[in-house]
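Report on one structure; see the data block that follows.
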Amino acid sequence: MYTYLLIILFLIIFTLLTWKNVRWGLFLITALLPVYLIRFSLITIPTTLLEAMIWILFIIWLVKMKKWYGLSFSPAIWLRNLKKKKSGYNPIPKILRLPIILLLVATTIAMWSAPDLRSASGIWKAYFIDPIMFLIVLVYTINTKEDLKNIIRLLGLTVLAIGIFALIQKLTGALIPNPFWATEETRRITTFFGYPNANALLVAPIIILTLINLFNKKNKYLLLDILIIIFGLLTVIWSGSTGALIGLTAGSLALLIFYPKTRLTALLIILAFSLGCNFYPAFKEKVSNQLAIASQIHLPLGATDLHIRMQQWRETWIMLKDQPILGSRLAGYQTAVTPYHQNDHVEIYLYPHNFFLNFWAETGLLGLIAVIWLLIAFFRLSYKKGLGLNICLASAMIVVLVHGLVDVPYFKNDLSVLFWLLIGLTIIDYNLRRGARVVESGALEKR
């Protein structure tokens, strides 16, 4: 009872602040991504505090758009506007519009054709509709470089909070639910999320984003940014996520390559590492042994995470060859892959643990095509009009994708919002760099 009262009180305060200034609502959501862990039911519909905040934000934004700029809710007017060559300012660049629409179509098909419509509709709403609603409000509302910096710094504060909790857990082992992870010799931090990898998936891309602040000579929050990066790195290390460390390395090298002044240094580092691996027999032997073990279909009891992942990918691939168009559909992976599962002592996970297989299985071939198209458009947009925040955003997405080769960096409430936040910040940065203004009241008032 008290929990519900606190949730209601919080949402009332959030509503008042958002009504006062939509930016404040955006900032609060950005800083509080982990509140999806607070779950409750609205009548009979399960939801989360994060989802409730996004819906309140979107509704208030719509009301304000109608009040101030004459936004119409009539489908007939929307259809008429589609025929017009100029039907108002749309901050989302054309290069991104079709892949976003295609992804929504693919996920809607995957939902309606899913074996469990209730579970599928929950995933569709939480991982696609909510984040895209947040994206729309973000790109229409945020239109200054200062606000962009505020968004990144608020993400950093989330990392700092997670990092402080991680430090406490690392020193004490407190509140770690798994006894094996809690033991000092094998300790892995879990913080708010209950399992280690959730921390690394959220924190790693934000570390790369925060790096841009270090190059600002007038940075008043330099010490804070340094603390965010340090605590973020420690969180990733203490989580024991090798995928996140490799992703961070790839993102950092990408950042160095994108900057002309550091490009040669980065390429020399890559060359030196490649040559070192090539001339180090023990490394080559270890890789060969690991690949030989990973090629085995029947896994031993002590199989490593990599071996389990590779067998999971094989099973997923065979399943997708049998149903390539629709895949397993939303919330259907565990059921669909069960007939192909070879090792009874290994659990069947919710997702294939590979970014592209995740999308193919969950959203079908159309969804896979849409997300690849979306990523190509994102990177093309990132490389246009000079160097700056855009290359940090591109590098952060590289962290997501590289880590995502062995994990699930999207199908989770906070991670899906973070994914679209990276796209939204790139859109805003692109519009600012090409001289576009998101909202100009004088122009809008003349409509």
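Backbone N, Cα and C atoms are what each Cβ position is placed from, and that goes for glycine too.
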Quick test of your reading of TrEMBL: among 20-35, 244-259, where does it put transmembrane segment? 244-259
Find the member of 126-142, 154-172, 244-259, 417-432 that has more C-beta pairs under 8 Å to the transmembrane segment (221-238) than any other listed stretch. 154-172
One stretch in 95-114, 192-214, 359-379 has more Cβ pairs under 8 Å to the transmembrane segment (126-142) than the rest, namely 95-114
Looking only at residues six or more beyond either end of the transmembrane segment (36-63), which have a C-beta under 8 A from one in the stretch? 3-4, 7, 10-11, 14-15, 18-19, 22, 25-26, 28-29, 71, 73, 122, 125-126, 130-131, 133-134, 136-137, 140-141, 192-193, 413-414, 417
Secondary structure composition of the domain 'O-antigen ligase-related' (228-371) [DSSP: H/G/I, E/B, coil]: 105 helix, 0 strand, 39 coil
